[in-house]
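Chemist: Not my notes, these are from TrEMBL:
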ACT_SITE  Ser64  active site, phosphoserine intermediate
BINDING   Ser64, Asp278, Asp280, Asp282  Mg(2+) binding site
BINDING   Glu372, Ala373, Asn374, Arg499, Pro500, Ser501, Gly502, Thr503, Arg508  substrate binding site
DOMAIN    52-98  domain 'Alpha-D-phosphohexomutase alpha/beta/alpha'
DOMAIN    116-166  domain 'Alpha-D-phosphohexomutase alpha/beta/alpha'
DOMAIN    178-285  domain 'Phosphoacetylglucosamine mutase AMG1'
DOMAIN    299-437  domain 'Phosphoacetylglucosamine mutase AMG1'
DOMAIN    454-527  domain 'Alpha-D-phosphohexomutase C-terminal'
Amino acid sequence: MDFEAIKKCSPLHPKPAGLALQYGTAGFRTKAERLDHVMFRMGFLAVLRSKATAATIGVMVTASHNPEEDNGVKLIDPHGEMLHPLWEEYATQLANAEEQELQKVMTEICQKEAVDLHKDSLVFIGRDTRPSSKKLSQSVIDGIFILGGQYHDYGLVTTPQLHYMVCCQNTQGQYGKATLEGYYQKLAKAFVELIKQANSPSSGDSQRHLKIDCANGIGALKLMEMERYFPKEVLIHLYNDGTKEKLNHLCGADYVKVHQKPPRGLDMKPNERCCSLDGDADRIVYYYKDTTDHFHLIDGDKIATLISIFLKELLVKVEQTLKMAVVQTAYANGSSTRYLEETMKVPVHCVKTGVKHLHHKAQEFDVGVYFEANGHGTVLFSKAAETKIRQVAKEEKDDEIREAAKMLENMIDLINQTIGDAISDMLVIEAILALKGFTVQQWDAIYTDLPNRLLKVQVADRQVIGTTDAERRVVAPPGLQEKIDALVKKYKSSRAFVRPSGTEDIVRIYAEADTQENADALAHEVSLAVYHLAGGVGTPPQPL
């Protein structure tokens, strides 16, 4: 390692005085102007991780659904998964090290991980459409270059596309071609094959129109590139395509989910199917307005349910011994959990918030469906399940069983198994709706969501909140859980939980109950309890 070169170049990417950042589920995120040193150092870390794993590593420059002036960075591990937890700690140490400590921190990482510095390294880089992303990705390249690493800059890509590229590269092309064209072709081919099998009369032309809110982000650019690969029956209409407004401003999946209303700039007619991506296109939510102008949100829970119904029907036809499960977080609507467990007879597992926890749990099953309520999710197929399905699709004599296996095979190819992918998930949903002949209202009517409310309370220090039971119960501060329990008892069909944010000093509150009025009242009362018992700052929470 050329420490002289590091010493010379590092001051060109100075660390702001007193800035301390934590690498969380979303990587690093803060105001763009404070990130230059972090990007430079993540270039170092990516090279070290690449040498340690003898594999290609990804670096994505994005702050997803955050405001345009923010930015962030996350590293992608060899199979397209999130960075290993131990390396998250190294990332935090490296980002927070003072100039004179850099050499020591990097040497320690190399010793602990037995990094062979003579090995080759390759880093794939991608970025979103923020004004700051190009300059920040150049800082990553500067860091890679100083450590003598090789890199391939994909430029503007969605986060899931970069995860996909990394996986393709490290599986020597078994997962697909590590090019944008390879990504489009693989997904489009599987989608077209599935659509061919749809013969339901209600899945006609009127059903194939889809309005897409692209959050003024990267999703718009990539859908425009991909459109020529779609069959002519699929008509997508893009809104908030980044030509006029700011990224994520009053639009995007996060805005629609939190505010439970349509994005600005999308004109909705009754019963039209619409969806929103987030800023880096790894989340998706659907919605529509009924004839009384009432807004209906179809979030990650209903997406997971639709996919689970479809996959379970096919698995029953093909091979009943494959084990399928759904993984959710505490934010999942109680109605969805009950429907999956009681009606569908599909096991449901609850894990801590954060995609890495869901992904990890889903890997335990032959078919693991996971979605966060915010619309981030995917489906994982075990190697054994995939082999079995492909074998049946190829060799089965019974027409019905073979057709079902072929559908599953196309599903395996259409789903981006490395991470939640809004474009891939959208195509999966569109294919299922066509194959089942479902309208958006029929999908929505599978079960009725319990009314719910999400709130947040600013606190002096989020670390005072300690949780257990997949974040569904609080163990600190004393008395808070007892207070929540007492409040929940006041309302019918209710539950509530609180958890600290992973990125800022706020506590998130979730409540659901039999009516919206009760869910709102419960959420407000819980937020007051958090404010008083967990060191709230500013004015106390006001009723909704």
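Each residue, glycine too, has its Cβ placed from N, Cα and C.
Remember, TrEMBL labels are computer predictions, not curated facts.
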Chemist: Which residue, out of the binding-site residues Asp278, Asp280, Asp282, Glu372, shows the minimum number of other Cβ atoms inside 10 Å of its Cβ in this structure?
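Modeler: Across Asp278, Asp280, Asp282, Glu372, these binding-site residues, the one with fewest Cβ atoms within 10 Å is Glu372.
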Chemist: Using C-alpha atoms, which one of the recorded positions Ser64, Asp278, Asp280 comes nearest to Asn374 (substrate binding site)?
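Modeler: For Asn374 (substrate binding site), the closest Cα among Ser64, Asp278, Asp280 is found at Asp278.
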Chemist: Report the DSSP secondary-structure composition of the domain 'Alpha-D-phosphohexomutase C-terminal' (454-527) as helix, strand and coil residue counts.
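Modeler: For that range the per-state counts are 24 helix, 26 strand, 24 coil.
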Chemist: Let me know how many other Cβ atoms fall within 10 Å of the Cβ of the residue listed as 'active site, phosphoserine intermediate'.
Modeler: 26
Chemist: Averaging the per-residue pLDDT over the domain 'Phosphoacetylglucosamine mutase AMG1' (299-437), what integer do you get?
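Modeler: Average per-residue pLDDT within the domain 'Phosphoacetylglucosamine mutase AMG1' (299-437): 95.
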Chemist: So how many of the residues in the domain 'Alpha-D-phosphohexomutase alpha/beta/alpha' (52-98) end up helix, strand or coil by DSSP?
Modeler: 14 helix, 13 strand, 20 coil
Chemist: Closest of the recorded positions to Glu372 (substrate binding site), Cα to Cα, picking from Ser64, Asp278, Asp280, Asp282?
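Modeler: Of the recorded positions Ser64, Asp278, Asp280, Asp282, Asp282 has its Cα closest to that of Glu372 (substrate binding site).
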Chemist: So how many of the residues in the domain 'Phosphoacetylglucosamine mutase AMG1' (178-285) end up helix, strand or coil by DSSP?
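Modeler: Counts, helix then strand then coil: 43 helix, 16 strand, 49 coil.
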